[in-house]
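A.B. asks: Take this structure, written in structure tokens, and hold onto it; I'll ask about it next.
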């Protein structure tokens, strides 16, 4: 018995009348009622085409004998929200998305749901919703954008962000306009391995997306093929009773981390996987990420770490090929269940790597270590995260003098104004989950650093986040955050800070007695917040090492 059968009982005549008022007939009510949670809107370039993806999903549901019922949820474009107050709303939107899907599915007793996703916080929000639901769930993404072409060069959002600063400074407005018109050629999630594509790939690695689906470009017909197959598969999952609790296990999370390390994904993936683990009630300390990072080599160098794009990874075999490589070396849990009803290994055992320059063999990796590293030390007792694959090896150890800012805007002004000297560690604090609130991304700051030729001369440390497009020695998610009284709140201009990625250390070279005196004088900065979601998030958000999730 499916749970929507409740509407077929005689005493549910008023409910059936309401369904009929929406246009449904008896035959449709007798079939599985399948929700299609669509994050389409006309704002986000990664989502403008999701209406077509959702239509293909619904076609697949009908072909398999189900009744599709589409509803919407919100989606924020992190790129459009970047570099201003709007970025405070991005991370809190993750929980709102999870809430909206949970409410719609549970309130209307739907039998299953397909989640149509693509960009940064939408996929993590859907994953949190899946963790809460007791009905079958599949995700289908809208696919990556193709890289832009500027002259003979392939480019992406990162290139525009970094080059913009120099072009503006030199007054080359026409060249900036041409670059702006070339960087993002059409629909899809930004072409590099930024947060959106990272989280879609990890959803596939965890088994919540059909094998091969996550990397198919937005503009290809295969995107609609996968959408139809997803719609067909969800109906079968209702018959099988295949629910997320059977798929979203510790093994699935560890498989996702292994793929993340092999690819060198966005540092935001750590935040979102920690939030998912919290939602699932699974203890996932940051040390697990570090343990896996030390075992899994970095075998795919995709922008911003390298010159390849997600479309190249797709052509090389996609996530099935990556999982096959890791599986043959015993670096994933082969027996983890997936939405196909089969194990990960059953899905990928026949996959092949089609381009060894894009996906290297494990014995010839880009780096013997995973793409992300967890740092701890006197400046980050509970941890911090760096995209090690995007840091030149000669910068893995960096000792510098602190220049402290209490908001991103002040740091950006100083960088663009030529106030930052080589050997500086730029510290941006009070940008954490509660202190921000909202834990903004610092891409504007890091892009300015790279553009002005400081990328190998300075480092940046923050209790905020970084965009997946960030490269260079940028250390984020410093925990505890400044607003919670973490050591980062006590840093002063002129203090020495040591970053050692190989030893996984982040240390403030100030003696304990001096820190105690500073702590005695420290007072938390309280930002006035009007009523609304930021005020609520500031009160309820956990620290970055817990994913910035809302505390239950």
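Cβ coordinates are placed from backbone N, Cα and C, and glycine is handled just like the others.
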A.B. asks: Suppose a student reads Swiss-Prot and sees 120, 121, 441 listed for Mg(2+). Which of 78, 493, 495, 500 should they find annotated at that same site?
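C.D. replies: Within the candidate list, Swiss-Prot flags 78.
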A.B. asks: Pick the one among the binding-site residues 78, 120, 441 whose Cβ has the fewest other Cβ atoms within 10 Å in this structure.
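C.D. replies: With the binding-site residues 78, 120, 441, fewest surrounding Cβ atoms within 10 Å: 78.
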A.B. asks: Please give me the recorded positions out of 119, 190, 467 that lie within 10 Å of residue 441 (Mg(2+) binding site), comparing Cα atoms only.
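C.D. replies: Passing the 10 Å Cα cut: 467.
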A.B. asks: Quick check: with 78, 120, 121, 441 left out, which same-chain residues have Cβ atoms within 8 Å of the centroid of the Mg(2+) site Cβ atoms?
C.D. replies: 76, 81, 87, 90, 91, 119, 195, 196, 268, 467
A.B. asks: For the C-alpha pair, I'd like the distance in angstrom between residue 190 ([2Fe-2S] cluster binding site) and residue 120 (Mg(2+) binding site), rounded off.
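C.D. replies: Pair distance, Cα basis, whole Å: 10 Å.
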